[in-house]
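Novice: Pasting a structure here, questions to come.
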2 protein chains.
Amino acid sequence: MPRRLDGGAASFESDFRALLDDKRETAADVDDTVRAIIADVRTRGDLALIDYTARFDRVQFTPSRFRIGADEIEAAKADCEPDTLAAMKLAATRIAAFHERQLPADDRVVDAAGVELGARWTAIGAVGLYVPGGLAAYPSSVLMNAVPAKVAGVERIAMTVPTPDGVINPLVIAAAEHAGVTEIYRLGGAQAIAALAYGTETIAAVDKIVGPGNAYVAAAKRQVFGAVGIDMIAGPSEILVVADGENDPAWIAADLLSQSEHDESAQAILITDDRAFADDVAAAVERHLATLPRAAIARSSWETHGAIIVLDTLDDAPALVDRIAPEHLELAVNDPEAMMARVRNAGAIFLGRHTPEAIGDYVAGPNHVLPTARSARFSSGLNVLDFMKRTTFVRCDAASLSEIGPAAATLADAEGLPAHALSVRIRMNR
Amino acid sequence: MPRRLDGGAASFESDFRALLDDKRETAADVDDTVRAIIADVRTRGDLALIDYTARFDRVQFTPSRFRIGADEIEAAKADCEPDTLAAMKLAATRIAAFHERQLPADDRVVDAAGVELGARWTAIGAVGLYVPGGLAAYPSSVLMNAVPAKVAGVERIAMTVPTPDGVINPLVIAAAEHAGVTEIYRLGGAQAIAALAYGTETIAAVDKIVGPGNAYVAAAKRQVFGAVGIDMIAGPSEILVVADGENDPAWIAADLLSQSEHDESAQAILITDDRAFADDVAAAVERHLATLPRAAIARSSWETHGAIIVLDTLDDAPALVDRIAPEHLELAVNDPEAMMARVRNAGAIFLGRHTPEAIGDYVAGPNHVLPTARSARFSSGLNVLDFMKRTTFVRCDAASLSEIGPAAATLADAEGLPAHALSVRIRMNR
């Protein structure tokens with residue numbers, strides 16, 4: 001059974017702190033291995049990629065085969081079930097529609113001093129998208145990363161995906177092609193990150209790398225950061241469900257398990273004000289687990305990291321939500337809007353009794369790449385702005401420089417930066 | 001003399017690549033020292049802060065004196081020159097006016113499927129602002145970090161500034177108070193970063209830490225990232241001036257030196273299409289250096305990292321600008337708007353002959369915390385969004401879930417995530 005916390009208990013604050021401090025990730029120390037791989041790719045380029053791919057993915061090829069060809073892409077599409085392809089395309093359409101609303105406006109103004117100033121948004125030139133191979137190869141994740149980049153106007157989207165033993169996930173390839181990925185390379189691991197960051201003879205370097213990956217990929221992204229931009233390093237999935245006693249316990253139990261099934265480090269938490277309902281949800285979890293194919297993973301996550309918190313009143317829930325700052329927050333209550341208004345920290349919020357979190361993983365439209373491990377206190381889910389950057393601009397003429405220049409020179413004097421002051425005053429003396 | 005590159009030379013591409021690869025920073029390896037300090041502050045709290053401050057800043061105090069009191073703030077303000085205070089306040093007003101225009105709008109829509117969805121922006125709850133002591137204590141930097149946080153709606157802005165030998169920079173304190181900093185602590189170094197990130201008995205933890213610092217501070221920020229958010233780690237200053245031969249060489253020389261004087265690792269580059277003008281600028285740099293107080297630093301930067309690039313035509317400049325991706329870009333040409341339209345990568349752009357970069361350091365309004373070391377390819381200057389985060393939300397009812405739910409369940413099946421599919425289908429069977 002997962003831990004139970006009682007809002008009325010004297011130990012509640014210390015129990016809650018222990019829940020917040022729950023360590024769910026043991027980062028493997030792969031930094032030295034990764035550093036060597038990156039250095040080797042920088043030195044030997046394509047030859048290093050060939051060697052590592054033979055060793056790790058058991059695939060032998062030449063640089064001309066790094067890139068997945070148009071014929072293979074067509075073959076992959078033909079391999080997909082028509083229903084699944086249609087669902088993928090519906091998802092892509094809805095994700096694009098939501099993200100298009102995020103496109104920022106440029107700004108320009110001439111102020112009272114006569115200074116013209118503003119800000120201009122431009123797309124990042126080239127983005128690398130890492131996609132894991134094997135079990136964690138999620139076509140939905142391809143869409144969630146590639147579609148916002150495309151909407152932002154990124155001209156070049158280079159995807160890498162390992163093909164262990166030569167196996168390609170056809171729906172991943174179909175999703176990439178549909179989302180506008182411009183190049184797909186059958187490469188993975190730290191070597192793929194190094195190739196994207198620094199380039200090789202056949203792969204041009206990108207400006208930013210996004211996408212999930214294992215410990216080697218995460219370490220490689222951290223190490224190349226600076227040479228290129230990176231997205232957040234995602235931790236294990238989380239869901240926090242705030243539910244009153246009027247919900248169907250089987251629905252809420254399914255929602256909790258939809259995150260628990262991701263991996264053993266995932267975390268599912270229920271907050272309710274109804275003790276009997278809490279028991280019913282716990283029982284419903286057991287019933288679902290009896291039939292679910294991924295029950296072993298889900299049970300481990302639920303029993304090790306799950307929690308049920310019973311409060312005297314759900315009025316106390318928003319303050320706890322903000323401290324947990326969950327990746328996913330379901331508000332299965334009568335007035336979810338009112339509760340949302342009282343919450344500050346959450347990656348994505350699912351309102352009402354008919355909005356399971358999984359709808360957001362696939363087709364709702366908002367991004368499913370969201371801040372984990374309490375980072376919703378200070379960061380946002382992936383969005384169009386992550387694929388753009390803002391450049392500010394200023395234009396003075398002789399008159400407006402005379403208006404604001406003296407204050408700039410005074411402050412430069414105060415900071416002991418005489419060339420700064422000189423560059424202003426030299427233009428004001430004529 | 002700085003290096004000269006000739007756009008028409010056969011060696012130009014390799015010369016230009018060497019310029020891009022110019023290593024200007026040698027990061028001191030202070031990771032182990034910093035790790036020990038952070039661990040100690042987490043364990044011993046205020047006592048550790050007392051010990052490190054005695055050792056590094058030669059100041060003995062008790063926790064009740066960590067925080068700078070209202071009386072000391074008033075005394076600091078009284079210590080400032082009235083002209084300087086007025087200039088600081090003009091700067092704050094202009095920075096606030098520019099940043100208020102960045103406040104994002106929330107979004108909400110009901111789409112054709114009947115799904116209600118949108119995104120809501122909220123301010124980060126508590127921000128820590130690190131301010132260096134000693135020579136690099138820049139009041140302008142306090143404004144550039146604190147004002148956007150205030151505009152974003154951050155409720156708590158906790159600033160730390162070391163006071164070596166007890167010395168306080170009065171203008172730094174006055175700027176902090178004017179900008180709306182809520183707490184000021186006389187602490188510095190990795191110990192201050194640890195206190196902000198994890199809290200101590202007297203200092204409450206924050207959600208994000210911003211502000212410049214030395215190698216210890218930068219390493220500490222990297223190490224606490226995750227527990228809190230951090231801003232970018234700023235590298236040495238850079239300026240790229242694109243100037244035709246119609247400029248006054250003395251003006252352009254002053255602009256180049258305004259960055260060179262920051263420190264020996266700074267970089268100033270001139271691109272022109274006029275060889276005689278290039279010579280004139282180089283000569284004007286020498287004339288300025290003969291009288292400038294910070295000439296030793298500026299000369300070292302200019303001769304070691306500076307460059308003059310002469311092109312056949314300034315038509316070729318935008319492509320080079322994008323590869324350099326400078327922190328500051330001056331376009332001192334006849335039609336700077338046309339050239340700006342052809343540039344993708346720059347932190348901030350200064351248009352025309354009467355807009356020295358230094359005007360943007362102090363009073364123009366846009367932020368002076370800008371991406372360095374070519375990171376303008378993928379990141380933006382500090383802005384209001386850095387102090388906010390976006391939460392998306394979705395609401396389905398039974399009807400709209402029936403519209404989009406089947407596609408979600410199909411994709412969950414394809415990805416092998418049965419509890420995801422269950423959480424959708426269980427709501428569609430009644």
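Cβ atoms here come from the backbone N, Cα and C positions, even for glycine.
Per TrEMBL, the feature NAD(+) binding site maps to A:Y130, A:Q191, A:N214. Annotated substrate binding site per TrEMBL: A:S237, A:Q259, A:H262, A:H328, A:D361, A:E415, A:H420, in sequence order. The Zn(2+) binding site feature in TrEMBL is assigned to A:Q259, A:H262, A:D361, A:H420. What TrEMBL records for A:E327, A:H328 is active site, proton acceptor.
Tell me what's around each of these sites.
Specialist: Around A:Y130 (NAD(+) binding site), the same-chain residues six or more apart in sequence whose CB sits under 8 Å from its CB are A:M159, A:T160, A:V161, A:G188, A:A192, A:I193, A:L196, A:I209, A:V210, A:G211, A:P212, A:G213, A:V217, A:K221, listed in sequence order. In the three-state DSSP scheme, A:Y130 (NAD(+) binding site) falls into the strand class.
For A:H328 (substrate binding site), other Cβ atoms within 10 Å of its Cβ number 26.
Here the Cβ of A:H262 (substrate binding site) has 24 other Cβ atoms within 10 Å, regardless of which shown protein chain they belong to.
The DSSP secondary structure for A:E327 (active site, proton acceptor) is coil.
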Novice: Going by Cα-Cα distance, pick out whichever of the binding-site residues A:Q259, A:H262, A:E415, A:H420 is nearest to A:Q191 (NAD(+) binding site).
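Specialist: Of the binding-site residues A:Q259, A:H262, A:E415, A:H420, A:H262 has its Cα closest to that of A:Q191 (NAD(+) binding site).
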Novice: By the DSSP assignment reduced to helix, strand and coil, which category contains A:E415 (substrate binding site)?
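Specialist: In the DSSP reduction, A:E415 (substrate binding site) maps to coil.
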Novice: For the recorded positions A:Q191, A:N214, A:S237, A:E327, A:H328, A:H420, return the ones with C-beta distance to chain B below 8 angstroms, or 'none'.
Specialist: A:H420
Novice: Work out how many Å separate A:H262 (substrate binding site) and A:E327 (active site, proton acceptor) at their Cα atoms, rounded off.
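Specialist: Cα-Cα distance, A:H262 (substrate binding site) to A:E327 (active site, proton acceptor): 14 Å.
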Novice: With Cβ-Cβ distance below 8 Å and at least 6 positions apart along the chain, what are the contacts of A:E327 (active site, proton acceptor)? List them in sequence order.
Specialist: A:S237, A:E238, A:I239, A:A346, A:G347, A:A348, A:L370, A:P371, A:T372, A:A376
Novice: Determine the most Cβ-crowded residue among the binding-site residues A:Q191, A:N214, A:S237, A:Q259, using a 10 Å radius around each Cβ and all protein chains in the structure.
Specialist: A:Q259
Novice: For A:N214 (NAD(+) binding site), what is the secondary structure by DSSP, using just helix, strand and coil?
Specialist: coil
Novice: Between A:N214 (NAD(+) binding site) and A:H328 (substrate binding site), how many Å separate their Cα atoms?
Specialist: 22
Novice: Within 10 angstroms of the C-beta of A:E415 (substrate binding site), what count of other C-beta atoms is obtained when all protein chains are considered?
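Specialist: Looking across every protein chain shown, the total is 22.
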